[in-house]
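A.B. asks: Take a look at the following structure, please.
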């Protein structure tokens, strides 16, 4: 393998990138795998000849590099050593300048040809190697390298540059050390390149160490006799250095020599004008090459920075055409940070409190100066004892330096913060704070500190607490603008132990707020059925008439669904469990009216009291409310609730008095009852249309439909079909075959297959749509009720949906809403374990409060909502209900696992069990109950809650006896008694009353009739009653006989 040559060795010898050599090998058909592959010497010669340079026999370690264009074949050896002395020799810097300018266009060949393009690709791989070689030898190599560069540079070198660089070269013995140390921090083995350019920066570094104030940059050069003069000029001359160094990268084609110089140049680049976003801008503006941070401090103070400006820098800036070529980023920050690091630790010993106090003192002092100046202007006094000065001038230089040091250290990406007078801004924001703390709301203590620092008194606030429900301790503290510990302490004195995240019920929060002097106000409750406006301003010019949406409302069993069946010629009511509607339905009906075919959309709502939310949802989206009242039953609670929903939604009401065909119906009585609740019939001079109908006999149905269309025409219902659809989710459920299915009511726009929509927090794409009769639709216009497939999850009934043209925006909105929903659920979970002063929390702490965990699975989302609403109405003083899961869909094995883990009961309402769920429930002992009527579900749930209640002992009276004769026996006495009522039993509990007062309570020990012991004596018989512990009988005493029995408690008795 010794006679073979590696591809990357050829690339290094030729000053080319390995990829160039690989391309040549590919062209010549030479097999290879990577740049580390070896080829024979004959193949190597072919490659070298193809690349256009003769082979120079050199071992790979020396890393021969062909110098610039006109050098003879020897330069590779000289190039190695030559890089080191370039710092010393006066002519090298000027020669480098000359080499750089031709370099970008040419690639120098190793022999002597004018090819400098090879240097550019080789610059990156050679950074580390030349740096190691250069520090060891500084002068010998320099003499050798001087010759070749001078020949090329002579036409391009300026006289000023030639004179300045000899001076800098003369210093390498001493100056290189600081520069090398600075560069060594950035790259451990890069001293030689750092020595070249830092030589230029070394005098400024001495100056920074010698003079603490950064503004006195010109002075340090004076300390050093020879180097100090060139150093200030060359402090801007980092730009000078930049020009030669890029040239040096290109002139020495071999990679090893080129990289150190770009890195050296990078150090001057930062002090120069290169980085606009860093604090080093001040150095680039013309000031000596000092560290940027001290300069920033002087800029903050203001006055000292002005004298520091120097006219010298423009010359080097003009001479630096190639600053962008400099790749070295690491050395530059090291050179800048080296002088800065020693200073901050001295000042940073102060704590944040001391910084606050100092800033506040300065702000107050500045405020006093401004106040005095204003008063002097008003009085016309012109004394200039510092009153005309800016508030910053009263700060001594020492204070300014301390204040500057208090500020956070400069970061390379951050802009230098401009100093503002402390009086103008609050003190806390000026201090560096952790980002996490800045995101939090300021505490009351911080707010007070800010007010004091700004010199302004906080305005007196009205101490009012808007209380809208249960709150956590943290939320209550924020609303009251007090510390959380204050709330916890107040509750502790009340005997309540809480943590910051615990939820306080409304009464407890109110008591805490009142104790802290706050007035309690409660927000005005908005009705559930408040209508949402779906039209936008842009729709006004494109409105067309739309069909009316009519909601059928009324009390249970008043014939709502039967009436709708009669209108639609269907038999929906016959298929309903228990003969009652338990879900909201949407239907279309086409009616011939005045020779035109008109469409009406009907929403059928449940009448049971548990389905309040469904009725409110129907009223919110409807245009007309049809109130069905049974003529034989009259106005009932849900009838009144429906009236309130319709009024809240501000929709017109049409009353349909149903069942007029039944005997005993009294339509006039119904009208009288409705008039008492504000619905006055039209024939009585009111504005409420009332139609007497019979659903079974189809009597007056046409009159009802005609009335609906007349009211709709008066309302002038309109929508814009030429826009993305908007509307409301009427109902939703999970179908095991089709997935999430939602019933949508399109209220504006047109919904099409393929649209992307967001319903509440659920994202989806319309895959298919069906109407109420199961026919597929491609689009649905305004006032259309459709079943939609394609949602990711089951949306909540009542959520509004909207179609978005941009899917990314829709996804973002859905994610934001989902996060809000998640927070709401967490709050609800906390509310289930709220703390109160009542008996509930006390019993819970004593372990007397029992919990019943439930998992509710229903056919549709609205049913789950209705069941949860009904559960909240049950008394929960001793048994609390915790709903772990309430969702539509079938009961799965996952639900069974959750129930087994949490000891919960699964309630299935109009749903089925998935395959395997029944077996899993039997194996794990989970109680799964299925219902199709909500009455039965609530009754069983109430019974289960009562079963968890501890049975109570109650007194059951047995009988009464009157003492007629006291019979003394031995030391005691026996009461000869007559049984007045009931019976008297031996060993029963007795209560002896004398003139209405109880004189003894105990147990009846002996009972005799004549001389025989008996177990009991019935009413109307005489007996002898003896009690061992009571002997003081008197005639006329009443003996009450009773027993204690355990009785099952009911929720009504709780």
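Quick reminder: no glycine exception, Cβ is built from N, Cα and C everywhere.
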A.B. asks: Under Swiss-Prot, which of the candidate ranges 646-649, 650-653, 654-657, 658-661 is annotated region 'G4'?
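C.D. replies: Matching range for region 'G4': 658-661.
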A.B. asks: Of the residue ranges 554-561, 562-569, 570-577, which one carries the region 'G1' annotation in Swiss-Prot?
C.D. replies: 554-561
A.B. asks: Choose the correct range: of 544-548, 549-553, 579-583, which one does Swiss-Prot annotate as region 'G2'? Give that range.
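C.D. replies: Going through 544-548, 549-553, 579-583 one by one, Swiss-Prot gives region 'G2' for 579-583.
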A.B. asks: What range among 600-603, 604-607, 608-611, 612-615 does Swiss-Prot record as region 'G3'?
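C.D. replies: Residues 604-607 are the ones Swiss-Prot records as region 'G3'.
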A.B. asks: Please work out the number of neighbouring Cβ atoms within 10 Å of the Cβ of residue 554 (GTP binding site), leaving out its own Cβ.
C.D. replies: 29
A.B. asks: Could you check what DSSP calls residue 605 (GTP binding site) once collapsed to helix, strand or coil?
C.D. replies: coil
A.B. asks: In sequence order, which residues at least six apart in the same chain have a CB under 8 Å from the CB of residue 660 (GTP binding site)?
C.D. replies: 631, 667, 692, 693, 694, 699
A.B. asks: Per DSSP, residue 554 (GTP binding site) is which: helix, strand or coil?
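C.D. replies: Reduced to three states, the DSSP call for residue 554 (GTP binding site) is strand.
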A.B. asks: Drop a 10 Å sphere on every Cβ of the binding-site residues 557, 560, 605 and tell me which sphere holds the fewest other Cβ atoms.
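C.D. replies: Among the binding-site residues 557, 560, 605, the lowest count of other Cβ atoms within 10 Å belongs to 557.
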A.B. asks: Which value does the mean pLDDT take for the region 'G1' (554-561) in this predicted structure?
C.D. replies: 76
